[in-house]
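See below for the structure under consideration.
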Amino acid sequence: MTLFKVYARALRYLGAYKLRVSLVVVANIVLATITIAEPILFGRIIDAISGKGEVKPILFMWATFAVFNTIAFVLVAREADRLAHGRRATLLTEAFGRIISMPLGWHHQRGTSNALHTLLRACETLFGLWLEFMRNHLSTVIALALLIPTAMSMDLRLSAVLMVLAIAYWLIGRVVMSRTKDGQASVENHYHTVFSHVSDSISNVSVLHSYNRIEAETRALKSFADRLLEAQYPVLDWWAIASALNRMASTIAMMVVLIIGTMLVQAGQLRVGDVIAFIGFANLLIGRLDLMRQFATQIFEARSKLEEFYALEDSVREREEPAGNGEIKDVKGAIEFRDVSFGFGNSSQGLHNVSFSVKAGQTVAIVGPTGAGKTTLVNLLQRVYDAQGGKILVDGTDITKVTRKSLRRHIATVFQDAGLLNRSISDNIRLGREGASEEEMRRAAEAAAAADFIETREDRYDTHVGERGNKLSGGERQRIAIARAILKDAPILVLDEATSALDVETEARVKAAIDNLRQNRTTFIIAHRLSTVREADMVLFLDDGRVVEQGSFDELSHSNGRFAALLRASGILTDEEVRKAHTTEAA
């Protein structure tokens, strides 16, 4: 993407404020016009004084311009700041909404810290571009567009010097940008590495403390920062050279204007005021060209950040759901997988030709070794990912034909990690159903066996749970998560290792709450603790993404298959029980 396209797309975000931006454009035209007029007026005053002419009309005109200049400047300063700040806040909100609504598979592939870093840096970069566009870029472009024709109308010879100076600035900038393009892209990659390392370390700070990794991780960060500087310094060196060359060209141009102007005045071909005006033009041109150089540098440095953000936005729009998808309503909970397959790119993990059906209100236990595809299966049900083959039906409706939002409205999930927000207990429970009353929220807490410990807290339901619920115990966090699911009152329930991280006593309390939650709901239970799946109507044993055994708990436990082997390994079933079961069946 060229610099012009990067900049043009950045400015398109201001399209929502066309009227206000138009006012800023008009004000900048006024500022640029007055900027060009001032050197001419100053030259006329010099001529009037030296020729003993009338000065007052020129001074009055200058004073009038000063009034308009002040008004236009205040308008630009006020509106530019308000527009830039307002658009940044709006963009952050809009982009956040689009990004967070993306399928979890998209987030897993891209990485949370990467998307966050890209969004935040782009918002700040765009804010700077918008502010500079309205404060300086626009007036600079207009001033340059007016300056050259005005100067040429006064004297072509001195105008040629200004033209050569402008071309020199352009050539220097062009060369430097071509030499630093790859270097600046490398700098942005190093910034991402530094940010990801900091984010990763802070989010796992307890592990770093436990394994005495603080100093090692700090050294690693310093190493990443050193590499960043190694990539940054050559870019800075090139721009320093450009500044020196521009300054040299400006000085030479100013000297040439003075020399040629003096010769023309002595020859009687120009007035002193004209030379003064051209000196003002030269100073103005140098100042504006410096602004243009800074402007080009700003866009050049922003290029990699914005290209990544544009790619992020485009990928979000590509993954947005078709506008024609309808809503699924009045779900009873009958679910069918028809020859469903899904894969993770180059990974061998996934699902292969999975088929089964569940009646509304039944409980399905999904078991199998690590990496068998258990979580992938329930993720497909919730459209975290979309199946690459086959169909998933809810009450006979293909879930790819309905919106994710309407589908998930009918599914409540309790994860192994409760996933609490750094808000109050009440706020976390109310995530289950927006607009739930205080009474409904408290009833859900009671049903989840959470009310007792909540009432012992000083602030009760207003107690803040801390980051990811770190002010609560594991059992307390899980009971709040269960209360959230109860409040949602969805016909389909997913329990993803909901009790695996709890001790036996806490698990017993949480299991009672889960049993209450499961009533009259189609339930999927993922569990490594096989004792939790005894009451399942159906057990699916997955291995390598395939359903290798399927049936009731009793059927599979007496089949002497993979599931029975797991039961024996966990001590739930003995070899003697299996032998007796087979003897009974044979008889």
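In case you wondered, yes, glycine gets a Cβ from its N, Cα and C as well.
Here is what Swiss-Prot says about this protein:
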- 21-301: domain 'ABC transmembrane type-1' (DOMAIN)
- 23-43: transmembrane segment (TRANSMEM)
- 57-77: transmembrane segment (TRANSMEM)
- 128-148: transmembrane segment (TRANSMEM)
- 158-178: transmembrane segment (TRANSMEM)
- 248-268: transmembrane segment (TRANSMEM)
- 272-292: transmembrane segment (TRANSMEM)
- 335-569: domain 'ABC transporter' (DOMAIN)
- G368, P369, T370, G371, A372, G373, K374, T375: ATP binding site (BINDING)
Of 57-77, 128-148, 158-178, whichever stretch has the most CB pairs under 8 A to the transmembrane segment (248-268): 158-178
Contact between the transmembrane segment (272-292) and the transmembrane segment (57-77) (3 or more Cβ pairs under 8 Å, separation 6+): no
Long-range Cβ environment of P369 (ATP binding site), under 8 Å and at least 6 residues apart: D543
Candidate with sparsest Cβ neighbourhood (10 Å radius) among G368, G371, G373, the listed binding-site residues: G371
Residue among binding-site residues T370, T375 with least C-beta crowding, 10 angstrom cut-off: T370
Segment confidence, the domain 'ABC transporter' (335-569), expressed as mean pLDDT: 81
G368, P369, T370, G371, A372, G373, K374, T375 excluded, remaining Cβ within 8 Å of their centroid (ATP): T376, L542, D543
A372 (ATP binding site), number of other Cβ atoms within 10 Å: 22
Same chain, 6+ residues apart, C-beta under 8 Å of the C-beta of K374 (ATP binding site), given in sequence order: I366, V367, G368, I526, L542
DSSP-derived class (H/G/I helix, E/B strand, else coil) of G371 (ATP binding site): coil
